[in-house]
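K.L.:
Quick paste of what TrEMBL says about this protein:
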TRANSMEM  12-31  transmembrane segment
TRANSMEM  38-57  transmembrane segment
TRANSMEM  77-102  transmembrane segment
TRANSMEM  114-133  transmembrane segment
TRANSMEM  160-178  transmembrane segment
TRANSMEM  190-211  transmembrane segment
TRANSMEM  217-236  transmembrane segment
TRANSMEM  243-265  transmembrane segment
TRANSMEM  271-289  transmembrane segment
Amino acid sequence: MPIDFVFPKLSWNSLFLFSDIFSSFLLPFQLHFMQRAFVIGLIAALLAGIVGSFLMLQRLTLLSDAISHSVLPGLAIAFSFGIPLIFGALLASIISVIIINWIRTESRLKEDTAIGIVFASFFGLGILLISVIQKDNKVDLNHFLFGNILGITSEDLQNTSIILAIILLFFISCYRQLKCYTFDPIMAQTIGLPINFLQSTFLILVALTIIVSMKAIGVILVLALLVTPGATGLLLGKSLEYVILISSIIGVSCSFSGMLLSYLFNIPPGPTIVLITSLIFFALFLIINKKESISDINKLN
C-alpha cells in the first residue's frame, strides 16, 4: 500500500491554518493583563472551592449571599475616601453579620428573615452610594456588580496572594476542629472546641473569599462561584477531603476555560465562568444518584 495513502500529505494551507489557531490560543498567555487575570481567577476559584464546600455542609449559602451583597456600601465608601477597597468591603461584611446575629437573638424573627432584611438594606445602600459617586468620578457600576477581571493591577495581585496565604493557613491549622464543628456542632462544643472562634473566623474568611471573587465575576454572580463547584463536589465526593479536592479542581478548570473563551470570543468572563460551572453541575446532576452521594459524606465524616 502506498505510504502517501496511509499518511496523506498536509497542504501548506492546512499547516498555516493550524499555526494561526495555535497562535491565537497562546496569545492570551503573552499579555500581561491577561496573565494577571488568569492568576486572580484561578486563586478565586481555588478559594471558592475550599470555602464553598464548608458553606454547603454548614447550610450557610443564604448567609454568604447576604455577605456578598453587603460589601457593596463598604466598597463605595472606601473608594470615595481613597482607602483600599478590601478594608471597606471587609468592614461592611463584618457589620452585616453582627446585625444579622443581633436581629436573630433580640427578636422572634428567624435567621433567614434577618438575612433577607440586611441583604436588601445593604445592597440598596451600596447601589445608592455608587450612583452618587458616579456623578463626580468615572466609576462604572458594572465593575462592582459584574467584576472587572481584565483591570486587575499588580497591587490587587499582591493583596489576593496575601488573602490566599491567610485562608490556607487557617484551614491547614484548624482543619480537624472545623470539620468536627461542621458535622456535629454539639459534639464540638462538648469536647471544648472554640466554636465561637471557629464560626467567626470562618465567616471572615468567607468575606475575604467573596472580596477576591468579586474581582473576577462581581457581586451579583459571586454566589454561583462559591456554591456551584461545592455542590458539584458533593455529588461526586465520598468524603469531605474529596469534596474539597473536586470542588477546587472544577472551580479552577472552569475559571481557566471561562477566561480563555471570553478572550477568544470577546464575551464577558464572569458570566462565562459561572455558565460553565452550572453546565457541569447540571450534567452530573442528571447522571449521579444525588441522595446517596450526599448521605455517604455524612456517614463517613
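Here the Cβ of each residue, glycine as well, is placed from N, Cα and C on the backbone.
Please treat TrEMBL annotations as automatic predictions, because they have not gone through curation.
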K.L.:
May I ask you to check whether the transmembrane segment (190-211) and the transmembrane segment (77-102) make contact, with contact taken as at least three Cβ pairs under 8 Å and only pairs 6 or more apart in sequence counted?
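P.N.:
By the criterion, they touch.
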K.L.:
Six or more residues out from either end of the transmembrane segment (217-236), which same-chain residues have a Cβ under 8 Å from its Cβ atoms?
P.N.:
44-45, 48-49, 51-53, 55-57, 61, 64-65, 68-69, 71-72, 142-149, 206, 209-210, 242-248, 250-251, 254, 269-271, 273-274, 277-278, 280-281, 284-285, 288, 290, 293-294, 297
K.L.:
What stretch, picked from 38-57, 114-133, 160-178, has the most CB pairs under 8 A with the transmembrane segment (77-102)?
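P.N.:
Per the Cβ under 8 Å count, 114-133.
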